[in-house]
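Novice: Mind looking over this structure? Questions follow.
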Amino acid sequence: MKRQGKKGPQAMQVNATLEEVTAAADGMSDKEFRIYMLQMIWSIKEDIKQQNQTMKDHFDNELRKQIQEAKDQLYREIEVIKNKQSEILEMQEAINQLKNSMENTTSRVEHLEDRTSDNEDKVFQLEKNIDSSARLLRNHEQNIQEIWDNIKRPNLRVIGIQEGTEVQTKGMSSLFNEIIQENFPDLKNETESQILEAYRTPNVQNHKRSTPRHIIMKMPNIQNKERILKATRERKQITFRGKPIRITADLSTQTLKARRSWNNIFQTLKENGFQPRIVYPAKLSFRMENEIKTFHDKQKFKEFAARKPSLQNILAKALQEEEMENNNENQQWEVGQ
């Protein structure tokens, strides 16, 4: 069957619509129709080929773009890793520096500890030397005190005689004999004119002082001195021309201070019937448990009292007051410094 019409395949557009193709096919011969179909197939193949190429180009572009983005991302990550690696290296360097610093510090600390240990040893040795020097100094002071007390041992100290009286009595010997005659007539024959030396102390008179200087009288022997002191203790009130005076042993300043340091303890023992005495030069003697106890060192006396509860209870107040006085003296000394 022949198709009517004279339209050939060349006259048809490849992209004709379905209605157009159907209408054209009605007027085509079989050969024309086959040619037309071949052309259509070829055209479709070309379209497909073009679309494939377009898609391939698109995919290639997309792939290149993605690859580039991936590369950029990779480069960025590599850069970050490099930066982090650099930071890690810097941190490692800082850690190494810190480690070195710690090692140096440890070494310095060990060196300092060694020096501290050496200094502690030196301080310990210095303290021992100071203690030894302090003991030597105390012994030296005690020896000087004993020597001075031995020099002064025959001396009497007369307190309360007005300045110039020795001139009125025509000398110290006459003044001494007048004191003996007025207070100890029984000793007149034994002690009359028996002074080897007499003088006022200090040597120079201070006219601003209202009290007269003391008189030091050196006796020829200790026995005469002791007889006068014993008579003085028995009489209790000594006078010169009716005015009260005092006669005491002439002791060194250190000994007088040591004797006065027993005052609180002495008074407490006396009030409680222990019959205390201050023995030459500065020893405390008292009766306890039918025995005579003698102490020249206050620390040893405190240690003894600590072993005797009854004695410790009696002396508690006196020792407390003494400790307070010592603390006050120390504070005043520190303020003075």
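Including glycine, each Cβ sits where the backbone N, Cα and C put it.
I grabbed these lines from TrEMBL:
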- 64-143: coiled coil (COILED)
- 153-250: domain 'L1 transposable element RRM' (DOMAIN)
- 254-315: domain 'L1 transposable element dsRBD-like' (DOMAIN)
Novice: Pull the DSSP breakdown for the domain 'L1 transposable element dsRBD-like' (254-315) and write it out as helix, strand, coil residue counts.
Specialist: 32 helix, 14 strand, 16 coil
Novice: Can you check how the pLDDT averages out over the domain 'L1 transposable element dsRBD-like' (254-315)?
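Specialist: Computed over the domain 'L1 transposable element dsRBD-like' (254-315), the mean pLDDT is 84 on the 0 to 100 scale.
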Novice: Going by DSSP assignments with H, G and I as helix and E and B as strand, what are the residue counts for the domain 'L1 transposable element RRM' (153-250)?
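Specialist: So the counts come to 37 helix, 25 strand, 36 coil.
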